[in-house]
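Data block below; observations after.
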Amino acid sequence: MGDGAEAAGATAASRFGTICVFCGSNAGRRRVFGDAALDLGHELVRRGVDLVYGGGSIGLMGLIARTVLDGGRRVVGVIPRALMAVEISGESVGEVIVVQDMHERKAEMARRSKAFIALPGGYGTMEELLEMITWCQLGIHDKPVGLLNVDGYYDPLLALFDKGEAEGFINSDCRQIFVSAPTASELLTKMEQYTRLHQEVAPATSWEISELGYGRTPGADQS
């Protein structure tokens, strides 16, 4: 961990050694989004958490990655080869794993992480968030999922989830799969306290997803 301000503000170590953060390759039009990415990065460092992210060096991705790396934590970026010229500007941040497609990217990020957080972002960020929620519902993983609702950015999405529950498309227990909060500190505290309440559709070992380690030879690396 880094010294100085980070060390002075240290808190108890998180039970999550590594957290995957989904976020935009754009910074957004308002400073509040960039500030939130920086704050989350500092909070991960304070709690002794390493970062897995989408591998870009621009937008919110670049901000949080540089913050965590500068704080002395490990940063691993996972990026499809086709997006390297688009999402990496100048030097990459931390370690970079190049994959073939978006599915492999998400699976590799999930395999390497103990929890997931979504910062504001566009279609890609929302799709990644929803896939991790769906995988949890199906029983593919049981890792906490957090939504950092910066300045109400995700209020319409949360309202849609509430509508889905009210109309009978989302089970009430599945509505509790993820937690949300307006600040990084509050969100991570909620995630530390998260307990699964929903009934999984099928156990993780019944899913043949080699990228996540299911169906692999026993003893294979699943760090």
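Just so you know, glycine gets a Cβ as well, placed from its N, Cα and C.
Pulled from Swiss-Prot:
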type: BINDING; residues: GLU87, ARG105, LYS106, GLY122, TYR123, GLY124, THR125, MET126, GLU127, GLU128, THR134; note: substrate binding site
Let me make sure I understand the structure: which of the binding-site residues listed (GLU87, GLU127) has the fewest other Cβ atoms within 10 A of its Cβ? GLU127
Row THR125 (substrate binding site), column other C-beta within 10 angstroms, all chains, value 20
Would you mind listing, in sequence order, the residues at least six apart from LYS106 (substrate binding site) in the same chain with a Cβ closer than 8 Å to its Cβ? GLU128, GLU131
Pick out which of the binding-site residues TYR123, THR134 has the most other Cβ atoms within 10 Å of its own Cβ. THR134
